[in-house]
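Reading through the structure tokens given below for one structure.
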Amino acid sequence: MEEVAAHPYVPRDLKLPGYVPISMSMSSILAVYLGASLFAVTFVWFLLGRKKAHLDRLLMCWWAFTGLTHLVLEGYFVFSPEFFKDNTSCYLAEVWKEYSKGDSRYAGRDSAVIAVEGITAVIEGPACLLAVYAIAKGKSYSYVLQLAISLGQLYGCLVYFITAFLEGDNFATNSFYYYSYYVGANGWWVLIPLLISYRCWNKICESASGVETKIKKKIR
């Protein structure tokens, strides 16, 4: 009978042969993530967005942050199926070993999670960085692009939460990780896309209304 390595995840019968325990502390992982995010946001705020209105600068910072998160973190997860076996203390592997305490479907390579994260990393990641460029340059497609990405993020979150519910919602090590990682960390990708979607919808409707008004005036 094949021996299954011990791990901290739930359900306890989850098989992760070759599992290597996490070597970094939660505080160290968060410090690196927050530090890198702060660097990226600061760069966008002061250099790329220095001539834009404050709201546009905030949006550029959000799209840069979420785009890099999708590309780097989620991209690593998608293309590193055996990250739980990593014994080199690779930071990205450590992130997912830690996050799996809140949702063990990541360590277990759940098909729904892989599908959602794959689309997010490959399509939405680059699209988010394109949104930074579109806002900075005042491109006409900026609002449509932001709306499309936000709806994609909302759809991904719905699939993520609904599939967990349908499968029993029993993937967190304890309530702390459940609310901190599974609920808290993902909640921002529900709240902020909702607000951006509402703003973009209004902007697009205003623009369309203005065009219709001009057309009617010309006809008269």
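Note: Cβ is positioned from N, Cα and C throughout, glycine not excepted.
TrEMBL labels come from automatic prediction, so no person has curated them.
According to TrEMBL, the transmembrane segment annotation covers 20-48 (among others). With a cut-off of 8 Å between Cβ atoms, the residues of this chain six or more beyond the transmembrane segment (20-48) that come close are 7-8, 57, 60-61, 64-65, 68-69, 84-87, 89, 91, 94-95, 97-98, 132, 136.
What TrEMBL lists as domain 'EXPERA' is 55-197.
Tertiary proximity for the transmembrane segment (60-79) is limited to same-chain residues at least six positions away from its ends with a CB under 8 Å from its CB atoms, namely 37, 40-41, 43-45, 48-49, 52, 92-93, 95-96, 106, 114, 117-118, 120-122, 124-129, 131-132, 135-136, 146, 149, 153, 189, 192, 196. The transmembrane segment annotation in TrEMBL covers 60-79 (among others).
The annotation transmembrane segment is assigned in TrEMBL to 112-136 (among others).
Annotation source TrEMBL lists transmembrane segment at 143-166 (among others).
Outside the transmembrane segment (178-198) by six or more residues, the chain places 59, 62, 66, 99, 101-103, 146-147, 149-151, 153-154, 156-157, 160-161, 164, 171-172 with a CB less than 8 A from a CB of the stretch. The transmembrane segment annotation in TrEMBL covers 178-198 (among others).
Over the domain 'EXPERA' (55-197), the average per-residue pLDDT in this prediction is 97. Helix, strand and coil counts from DSSP across the domain 'EXPERA' (55-197) read 112 helix, 0 strand, 31 coil. If you look at the transmembrane segment (143-166), the same-chain residues 6 or more away from its ends with a CB under 8 A from one of its CBs are 59, 63, 66, 103, 105, 110, 112-113, 115-116, 119-120, 123-124, 127-128, 130-131, 134-135, 182, 186, 189-190, 193-194, 196-197, 200-201, 203-204, 207.
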